[in-house]
Amino acid sequence: RPFHVEPTNIVSVNDDMQRVTDEASAMNKRIHYYSRLTSPSDRALIAPDHVLPAPDEIYVYSPLGTAFKVDSCTDGYGKNSSLVTIFMIWNTMMGTSILSIPWGIKQAGFSSGVILILLMGILTLYCCYRVVKSRQMIPLTDTSNWEFPDVCKYYFGSFGQWSSLLFSMVSLVGAMVVYWVLMSNFLFNTGKFIYNFVHDINVTDIVPGTNGSNKVICPSAAGDHPPQNRSVMFSSGNRTGFELFEEWWNKSQTVPFYLIAVLLPLLNLKSPSFFAKFNVLGTVSVVYLVFLVTVKAAHLGIHLEFNWYTENEFFVPEFRILFPQLTGVLTLAFFIHNCVITLLQNNKNQENNVRDLSIAYFLVGLTYLYVGVIIFASFPSPPLSKECIEQNFLDNFPSDDIMSFVARIFLLFQMMTVYPLLGYLARVQLLRQFFGNAYPSLFHVLILNLAIVGAGVAMARFYPNIGGIIRYSGAACGLAFVFVYPSLIYMISLHRAGQLTWSALIIHIFIILLGLANLIAQFLL
């Protein structure tokens, strides 16, 4: 859209013309960024309307598909206030990892888990700060439109370009696989709740659990996989009809395939921008999850016992050798490094970038800590063991739990709107590199989408463990974008400037080794 200024907006030539110039520059940077993501014929990410804010409102769009409007936090000239910037980063970072944080704390031990969340937050924040500074250390006249993959290409050539593409695809496809597993889970439990309610069927799962109105269950105690509807006792209802329902409504054998009919056509759309309008549900979902765990904890109480190295029937030690499973999850939970430059470049006060980034990380870490600690501490032990905490903590609440049912509905709808956007970003990054066009033909797009959907269905069918998927993909993409590239780029830039010291060299080599050890440990534990 061409830039236009009404004459009535110009009051002072000296002051206002400078502000107009700054506004035009900011808009051109945004337009340039969106234009690089897609082909000229595809307008899904080309200069959307919210790039040109009205004087009294601004629409914020993050690279991960989060769109929301802020009415009073902008100066009206295309710049975001610190409050908006902090919220953008928090909203972009918060994702499905929050569902696995309690399980990760259980794997690491309570005290070790809390310490690891704090340490990983600090470490990933430092590496994120290095990403932000990496563009500023390049001795070129104009790098304002560069993103972190451009910086990698500058320092490492075609290897940096293709490796950053590879690890970016790992994070995107990994997220889409986790989404498919979770959507299958939420759709199954939602359908089970609705069927039982409509047919007035009172079903009791044959799994260990607490009694009362705030029931907590232990699905893993029934076997390696959570029980399906067939593991039930009937107190009312039609047994024959229910058996037919359970045959066609199975969490791993049928429901993952039902999603194909809905999501595969959406992935093939040229422009998924319509779905960005619903992504504010992500914020609503996180807020509701915080509310849910608070209410549940208030009813269940606190159940903690501190044993540093010994394990008993109901509690886990404070330190466990499985702690790398939590660090793998946290690497993805704090991952924003491949798009943080975009989120900060329109901050009104650029000198506050470090402060705003630090505050955002603090809020993200606080959210993870609150949900993880509250769920772990309030899990009723005894009668259940802390080992019963599931990789998706909502699985510890039965399908007929009203609050969990509402949470699953929120998350299901939100994920179904984000999934086409993630698929679009994967398509843009991959097909443009190979064919120079984000939509070379329906055949190319269909083949790519079938591969992505097939990976999701296979995982939902044979390996529906979101904690495992998150930690593997997090450790893999985090190795490149969080640990290796920021540290190497910083050391290279210092070396070229003649400022590299032994202390900086040792510290950043140690960070790289931590990332490598984090990845290797995922396959050993």
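The backbone N, Cα and C atoms fix where each Cβ goes, glycine too.
Per TrEMBL, these features apply:
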type	residues	note
DOMAIN	81-192	domain 'Amino acid transporter transmembrane'
DOMAIN	254-521	domain 'Amino acid transporter transmembrane'
TRANSMEM	83-103	transmembrane segment
TRANSMEM	109-129	transmembrane segment
TRANSMEM	162-182	transmembrane segment
TRANSMEM	253-269	transmembrane segment
TRANSMEM	281-302	transmembrane segment
TRANSMEM	322-344	transmembrane segment
TRANSMEM	356-377	transmembrane segment
TRANSMEM	402-422	transmembrane segment
TRANSMEM	442-463	transmembrane segment
TRANSMEM	469-492	transmembrane segment
TRANSMEM	504-524	transmembrane segment
Are the transmembrane segment (322-344) and the transmembrane segment (253-269) close, by which I mean at least 3 Cβ pairs under 8 Å that are 6+ residues apart in sequence? no
The transmembrane segment (442-463) vs the transmembrane segment (504-524): three or more C-beta pairs under 8 Å (separation of 6 or more)? no
Summarise the domain 'Amino acid transporter transmembrane' (81-192) by DSSP state, stating how many residues are helix, strand and coil. 96 helix, 0 strand, 16 coil
